[in-house]
């Protein structure tokens, strides 16, 4: 494997995306710890990977955002069954810039932008009809116009401290490679399965 964990991830990610049978091949499980020290996990879409880290977007008022504000240590997990590989990442999440949030918001499909304005993520809802009516009103309001990014919508970049790559083997002697980032460079270790 390459000496830089991000380069290894890029190679694996490209392989996972190539002819993927998955409906959401960019999905990753984001694990956080809330203010009561209770773990929570949910899937989010990877927007970008760079030497800076792994970017995803969300409501800045969501439970995940509140958890990150309390405990910025998070974990990400990718599982690609079709290539029999898994990647686990541990790192620090920090909010992306408004300019980056603006870019990612307007990169989204129009229906996703409208839904973001119509919904107040994770708040109680009296009925699905209430949400559908809110969406209808928002669609009409912005018909023929650019949809503004709400100030409550942004994103996070997870700066990795550890990345573990797992390649499943038929003989069950799975190949586990752990990378640890320290003092500006990656160190690589093999782990027993």
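Note that Cβ sites are derived from N, Cα and C of the backbone, with glycine treated the same way.
Bear in mind that TrEMBL entries carry predicted annotations, made automatically and left uncurated.
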Among 172, 176 - the residue TrEMBL places in the same FMN site as 42, 43, 44, 45, 46, 47, 64, 86, 121, 122: 176
Intrachain residues whose Cβ lies under 8 Å of the domain 'Pyridoxine 5'-phosphate oxidase dimerisation C-terminal' (153-193), provided they are six or more past its termini: 1, 3-6, 8-9, 12, 47, 52-60, 65, 68, 74, 76, 84-96, 98, 100-101, 104-105, 116
Listed binding-site residues (42, 64, 176), ranked by Cβ neighbours within 10 Å, top entry: 64
Number of other Cβ atoms within 10 Å of the Cβ of residue 44 (FMN binding site) across all protein chains: 19
